[in-house]
Amino acid sequence: MTFSPTVIFVVIFCVQSLAAMLQNGFMVAVLGREWVRSQALPAGDMIVAWLAASRVCLHGLAILNNFLNFMFGSKNYYFGTLWDFTNTVTCWLTAWLAVFYCVKISSFSHPVFFWMKWRISRSVPRLLLGSLILGGLSAISTATGNTITFQMMTCENCTFNYRVKKFFQYYHRCHAILMSGTPFFLFLLSIILLMFSLYWHLQQMRHHRSRPHDHNTQAHTTALKSLAFFLIFYTSYVLFLSISTAHVITIYSSWRWAWEVITYIGISLHSTILMLSSPKMRRALKMKFSSLCVAGS
């Protein structure tokens, strides 16, 4: 029995998305339990918890949306709108996490950075709420554009329908650039600032002949490894969204599914890095493995 490359990539996409949902669900359970137990959560862990929850929804909606598109050959706008809401929230939460790392770890002496260091932890709840509001605006924009387009395409004028289709593509392209490109710019800017901060810190250490490995350098390096690794997949993810809105490749193209597998694996690996870099997560994983070993024996 032979399988086409498209079917193989579809199976891989579904399997790795389900695994990512389990992984992010575990992160939500660990951080949520600590949040309920202590009635408080550090600002960074709060962003990670919300990001993990949004990624559970993102992977689940991606499976449903792509499966319906693949099986029925037409876009399901209901799930598409929900996916757009979740995708926008996830993009903004990823950007806020990068900004949080940048502000907390960077060694810049500018007064603006000192003010941001003092304010960033208190501002996290507002940033999370802002992400939900931006996601809601994105979903409203998508639903409005789809509704207007459907109503306008009921006209039997072929020339008018062609113009409506072009407007629809242009509208969604601008929408994707605004809602996904803006947080991507913040993410990229945070990485660049962290790189400059690390360079400046290493120069200061060399000038004062400090220890070759200190906590600040390690914090810079750890954050940059996580963010720089995800930057590669985040870039491909934004490019994929732009190509999808331009309708360059169809739902049946094996290249489309191969690209989706790569980008969503990148999101899953970034969640893995976040999980393994957190002491709370490592302790929870050790306890989970220990309980499984005891139950197995």
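Including glycine, each Cβ sits where the backbone N, Cα and C put it.
Given the structure is predicted, the values throughout are model-derived calculations rather than measurements.
Over in TrEMBL, the protein carries these features:
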- 6-31: transmembrane segment (TRANSMEM)
- 85-103: transmembrane segment (TRANSMEM)
- 124-143: transmembrane segment (TRANSMEM)
- 184-202: transmembrane segment (TRANSMEM)
- 223-249: transmembrane segment (TRANSMEM)
- 261-278: transmembrane segment (TRANSMEM)
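Among the recorded stretches 85-103, 124-143, 261-278, the one sharing the largest number of Cβ pairs closer than 8 Å with the transmembrane segment (184-202) is 85-103.
Sequence-distant contacts of the transmembrane segment (6-31) (same chain, at least 6 residues past either end, Cβ-Cβ under 8 Å): 41, 45, 48-49, 52-53, 55-56, 59-60, 62-63, 66-67, 70, 252-254, 257-258, 260-261, 264-265, 267-268, 271-272, 274-275, 280-281, 284. Long-range neighbours of the transmembrane segment (124-143) within the same chain, counting only residues 6 or more positions beyond its ends whose Cβ lies under 8 Å from a Cβ of the stretch, are 43, 46-47, 50, 77, 80-82, 84-89, 92-93, 96, 100, 172, 175, 179.
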